[in-house]
Amino acid sequence: MPLDSSLGALEIGTLLSGILFGLLGGQIYTYHKTCWKGDVIWLRGLVVIVCLLEMAVTALSFFTLYDMTVTNFGNLNALAGAPNSLIITQLLQHLIMTLVQGFFIYRIYKLPNTLFVTILASVLLLLRLVAAIAVQVLASVSLGKGESSIVDYVHKYFWITVAKDMIGVASDTLIAAVLLMRLFRERSDALNQTLPVVDKLILYTVETGFTTGCFSILISVVLLAMKHNYIWIGIWLLSSKIFSNTLLANLNSRASLRNQMMHSSGLETLSRFQVDINHNGYTETVPLGTCITTNEVQMNADRIQRESTVEEATSESTLHETLKTSMESIPPRSIPSPFSKVTDQFEVPVVR
């Protein structure tokens, strides 16, 4: 097997996956700055889990490359097989893709009259995960013992690998199609001011939804055309990064869409808005486009109330001390007496 289409494909795929991981880091930073505080806890947990899994996938990818190019340098038998790190990498990638697709299926579930589509998409998602686990188990059994090479394994179990990818394409296409149909229906009833926002939502859906499906088709086509090399593995190493960046891009787009909606509604001159939670008459004012939670506003209200109480107590204490000091500084003679006028009219004789 030529090294250009084996190790070369693995090196290029690993390096490109590292670049996509860097882009994912930027997406995570943007998410933390704009929407972390305002999202529900399960959505924040999803982002954290995807981030940790991507870190593990990236580390395992570079370890696989190091194992093949340094540890087993010149060992063609090791090049023909697959280390355990590569098998674990692909299994974690399927887990990431399942989590991301589960999020988009949940978005469909929140739409009205989409129960059947939600069930169908969920079944396809589970079938894809089961097929992926089966592929990795067969790979671990046949390649882990050194019974066959990766090329022989692909020829033997080609049908289940392609079926897995086609199920993924069907799931991606179904999710994107349902979202697009819903958006086009909303677009027909939308006002002129909100049309740009709906158009941008449609563009986001096309970019993120069909990108994942087209990527799965690309892997299947390359695998069908070039079974004898590792180019399909190099492309596959990018798959989970595509899904993760798609997830974060969708989450981060909400702030810009919110600002554009305010702009389209004629409220572009407003730079701040108020959120009143009726907590002792306290109103929290936050910048436009900032995610804020009710608990945070209540904490701020309680903090300000405690500070006001402390200030009032301090003011009363200071006033009391001031009056006390003033009273002590007045001489006794200057204190008016009710008998002062009477005693001033008589002279008291001095007894010697």
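Heads up, the Cβ atoms here are built off N, Cα and C, so glycines get one too.
Just so you know, TrEMBL annotations are computer predictions that nobody has curated.
According to TrEMBL, the protein carries these features:
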type	residues	note
TRANSMEM	12-29	transmembrane segment
TRANSMEM	41-66	transmembrane segment
TRANSMEM	86-108	transmembrane segment
TRANSMEM	115-137	transmembrane segment
TRANSMEM	157-180	transmembrane segment
DOMAIN	169-256	domain 'DUF6534'
TRANSMEM	201-224	transmembrane segment
TRANSMEM	230-251	transmembrane segment
Near the transmembrane segment (230-251), which same-chain residues lie under 8 Å Cβ to Cβ, leaving out any that are not at least 6 residues past its ends?
-> 5-7, 9-10, 12-14, 16-17, 20-21, 23-24, 27-28, 30-31, 35, 39, 43, 46-47, 50-51, 53-54, 57, 61, 86, 89-90, 92-93, 96-97, 100-101, 103, 150, 204, 208, 211-212, 215-216, 218-219, 222-223
Tertiary contacts of the transmembrane segment (157-180), defined by C-beta under 8 angstroms and 6+ residue spacing from its ends, are 97, 101, 104-105, 107-108, 111, 114, 117, 120-121, 124-125, 127-128, 131-132, 134-135, 138, 202, 205-206, 208-210, 212-213, 216-217, 219-220, 223-224, 227
Spatial neighbours of the transmembrane segment (115-137) far in sequence, C-beta under 8 Å, 6+ residues away | 87, 90-91, 94-95, 97-98, 101-102, 105, 108-109, 157, 160-161, 163-164, 167-168, 170-171, 174-175, 178
